[in-house]
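According to TrEMBL, the feature transmembrane segment maps to 12-38, 95-117, 123-141, 162-184, 190-214, 266-284, 304-322, 329-352, 468-486.
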Amino acid sequence: MGLARPQAWLSGLPTAMVYGSLALFTTILHNVFLLYYVDTFVSVYKINKISFWVGETVFLLWNSFNDPLFGWLSDRHFLSSRPRTGTGLSSRAVVLTRVQALGWHGPLLALSFLAFWVPWAPAGLQFLLCLCLYDGFLTLVDLHHHALLADLALSAHGRTHLNFYCSLFSAAGSLSVFASYAFWNKEDFSSFRAFCVALAAGSGLGFLGATQLLRRRVEATRKDSGCSALAMDGGLNGKELLVGAEEVGSITLGQYLRQLARHQNFLWFVGMDLVQVFHCHFNSNFFPLFLEHLLSDHISRSTGSFLLGISYVAPHLNNLYFLPLCRRWGVYAVVRALFLLKLGLSLLMLLAGPEHPGLLCIFIASNRVFTEGTCKLLTLVVTDLVDEDLVLNHRQQAASALLFGMVALVTKPGQTFAPLLGTWLLCFYTGHDLFQQPTVTPVGSTQPWPEPPAPAPAQAPMLRQGCFYLLVLVPITCALLQLFTWSQFTLHGRRLHMVKAQRQNLAQAQTLDIKTV
């Protein structure tokens, strides 16, 4: 009886909550990874500079191409299926496949996270292997988790409901950043290593438990004659959605890419999202620099550290407010309003000038929070593109993971452009080269190698002015580009409703086809 009660309570959890908890088990690992992996290899393992940059270069290439690679391997058989016994793939079978993949890849992600904190090979080799292994499993987890958002729910309400729990659990997972400060000690690494072991164990076990619960919920729909538990959450229909028995030729990668090239809304979206990814990583890369050169005389070091830490949590909490707005007004309208807000706040800050520390502090924090929050809302837009791709190309099943992978392929270069273009612009405005001085780095990280001293104090006002113009002109330019590309995006309003209706009709027609065979 004692064991039955917790099991009954867990089995009664809403599907959206179980789905959202998967974001918790990813976030508790990833934020700690981002903050400490460089410092660990540079300060603790003493990696040399050449090995560091070789590892980062290989990681950059792997990080760019593994999304479409894994997406293609995962979903290529969904593009067109060949039924063998009169029945093909079902929506439930697709969901179960993704849940099973998460059940394997989640614990492997936790193990690859552990590999960073224990020296087991020469530093350069370990750095390269750890980065590629970790990013590979992280990509697999993200692709299947995001794809489930499109597969579990069809309506905008259902998807925003699922995303709400993702934001809630991601905010909770970001608290691992604050907890990590208590254990981080480069001189005595054992306590931090034990902390990481605890995080990995919690994450791995959490993935196993959550995927088991989710699998049972999906399988339970097979037994329900009426509305299923998933359907009540705005997810799968209670009925099996079987594809027709007509054989369809397989689609090659070249044919799929040509289909995407004709998908106008996809092209406009990735153009806008490329700018968004650039702006998100620009804010992350230069957030400490702006604090140092614009606010260091007005805020304490601990306040700066708190602002940096809270910037990891606030975007998720912010989305808890924006997601209900998305249900009411639509994602398109909310994202457009955020672009206008970014443009308006940046113009206001430009007119006010750099001599208002209070305004600067609010602007720097809000700029990062709103930009990161917009990135998280765009996942919902990709799920709508999945629906349109299925309808336009008459697919047997939605290739959700593959489309998420193709979006990542086009937009991930923004991660590289952000530091390159940012440092070039700063040098162009001020004549000051960041690589000629110790650069300001995030809390929990460190400059890998000592550099020549900073420029003379006489250059400080020019550097401060350059940082200010960089701070306000980049979001102004990004907002203008995004407002233009977003205005060309037509998958909203009446067209979006039409696509949703056609996908629903297609699913119903496929079910009827099977019944008449």
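In case you wondered, yes, glycine gets a Cβ from its N, Cα and C as well.
Sequence-distant neighbours of the transmembrane segment (329-352) (same chain, 6+ residues past either end, Cβ-Cβ under 8 Å): 156, 160, 322, 359-360, 363, 366-367, 370-371, 373-374, 377-378, 380-381, 384, 471-473, 475-476, 478-480, 482-483, 486, 489, 491-493, 496. Contact between the transmembrane segment (123-141) and the transmembrane segment (304-322) does not hold: fewer than three of their C-beta pairs are under 8 Å, each pair 6 or more apart in sequence. Between the transmembrane segment (95-117) and the transmembrane segment (468-486) there are fewer than 3 Cβ pairs closer than 8 Å, counting only residues 6 or more apart in sequence, so the two stretches are not in contact.
With respect to Cβ pairs under 8 Å, the transmembrane segment (304-322) is most closely packed against 162-184, considering the stretches 162-184, 190-214, 468-486. Sequence-remote contacts of a segment are chain residues at least 6 beyond its ends whose Cβ falls under 8 Å from one of its Cβ atoms, and for the transmembrane segment (162-184) they are 16-17, 19-29, 31-32, 35-36, 149, 152-153, 191-192, 194-195, 199, 233-235, 309, 312-313, 316-317, 319-320, 323-324, 376-377, 379-380, 443-444.
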